[in-house]
């Protein structure tokens, strides 16, 4: 560590001290750092072992983990607001569905095309939208999500409206179709691992520190030469591409897509996951997605109560535990304070 | 396209526009008292119609009494939302976005509770006065639309009177201008917040009740109405109650025109596009921002 104040130099290691990455203090012992991953591994491991229905539930959770990780980049790391990420999941999902069923594309080019389309849409939408702040930004993004849903319903010649598109082929690798529960689960776990790796790299990179900078104070960030508008847009684009990726995965795993998949329910559900796991942390979205998906499934008799439970849980979390499970893990971390002086860096 | 058809949709646009306007006023009243945007506003619109239906059909109360009771119950529920969801967050200095998310979650919770307590079937209410439509130069104006327009105008006038002349109304306006200064003057800012929720919930309920005879109500109609009300408030300049009413009328008429031109399916897309247009080009609305 240098002591010179070269805050915006090319290498810029000092930015980390100026803008400590929020909401995730450096873990002081290994167990606490590993705890969320152990929990996640246990849930996925159980599903792999059990197969069948638990595997399906955990599979959905993993798809959501990718979506929520993207949301977390925009909201947790950059402290912006978007209620409309479902729109980009819809772009990816419908691109994959339409290109593979009607134009006989392979799943990979279709998925890439979906991400490209989502990026283009996010660029066109983000450019005017991200100038807005506060409730204006909230409402504009909510409107974008709802417009996407309406378009999916109304543009029947392409999306088949409420009927939806069925018969979407599963993902195949080298001629081997990933159709079994366990094969899909392994594939999704790898996707989540890649996502987590990407997010943690982004978080500790120069880009991530710029995000943290404008999360802390836009004015201060601007004063330090961070191009606020550009980084906001980059954060939005990243979130949109993860959303599109998860949308594509969803349609291939389920084999069917309809507008209902990308409704307001998805928005509320993904926010619940984000807050349960802990907003602004790398592990939070994964843990949140797994826990939130697993809990209602253990009480399957109460299917009608699902949205009620999500909504209530979200309100209670926002009031009483705004840091979610990450706060719990952090508390676990605080107790054994023997090696406090070491001060490791965030993973 | 003949003139009567255009006139006809203008009339129906004005009717629904009044409803949007009332919902928009509800947004402004809460925003002015607290700086909070209450996304659960649509729930009150839905509850107004639903509770009146239950009181009327299952409770077998007279129509007028059922309406009165429903508005009171919804106003109380508004206070309950304030006490259970908004107040705790407010006391913890939660960021604005958390507040919005919490009220959106409250919307879903209320929706689901209504679904479980009543059912998922669309419900309707009888028209207020069962008379044939009034003919104006070949345009049929049904009595319920007249009720909506007249009722809304009366409410707007009453609100204007309330904010201008009464002590409580003036105190609420003082909160809107500067909460801290108002608190220093001895105005109970916290009760003003509760009152604002009661008032805007009541407004939403009235809007829902007046509208239900012309359409229907169901547990999930809240969100679209909340969004239309929000758009009305944005068009009028957020935080300006009467701007919101004007915005509601404009939105209603534009939507009616869009239905005429592109078909009913485009209604929501047109409304949301108007919202985006205003947000991007003129976020302060037609009358400019409050304050």
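A Cβ is built for glycine as well, from the same backbone N, Cα and C atoms used for every other residue.
What TrEMBL says about a protein is an automatic prediction, not a curated fact.
Among the features that TrEMBL reports, transmembrane segment is placed at B:6-29, B:36-57, B:63-85, B:97-118, B:138-163, B:192-211, B:217-235, B:269-290.
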Is the number of Cβ-Cβ pairs under 8 Å between the transmembrane segment (B:36-57) and the transmembrane segment (B:138-163) three or more, considering only pairs separated by 6 or more positions?
no
Tally Cβ pairs under 8 Å between the transmembrane segment (B:97-118) and each listed stretch (B:6-29, B:63-85, B:138-163, B:192-211, B:217-235), then give the stretch with the top tally.
B:217-235
If we skip the immediate neighbours and take only residues 6+ beyond the ends of the transmembrane segment (B:63-85), which ones have a Cβ under 8 Å from one of its Cβ atoms?
38, 40, 44, 47-48, 51-52, 55-56, 102-103, 105-106, 110, 126, 128, 193-194, 196-202, 204-206, 209
Segment proximity, the transmembrane segment (B:217-235) to the transmembrane segment (B:138-163), 3 or more C-beta pairs under 8 Å:
no
By Cβ distance under 8 Å, which residues at least 6 away from the ends of the transmembrane segment (B:217-235) in the same chain are close to it?
17, 19-28, 31, 37, 39-46, 49-50, 53, 107, 110-112, 114-115, 118, 120-125, 204, 207-208, 211, 243-248, 250-251, 268, 271-272, 274-275, 278-279, 283, 285-286
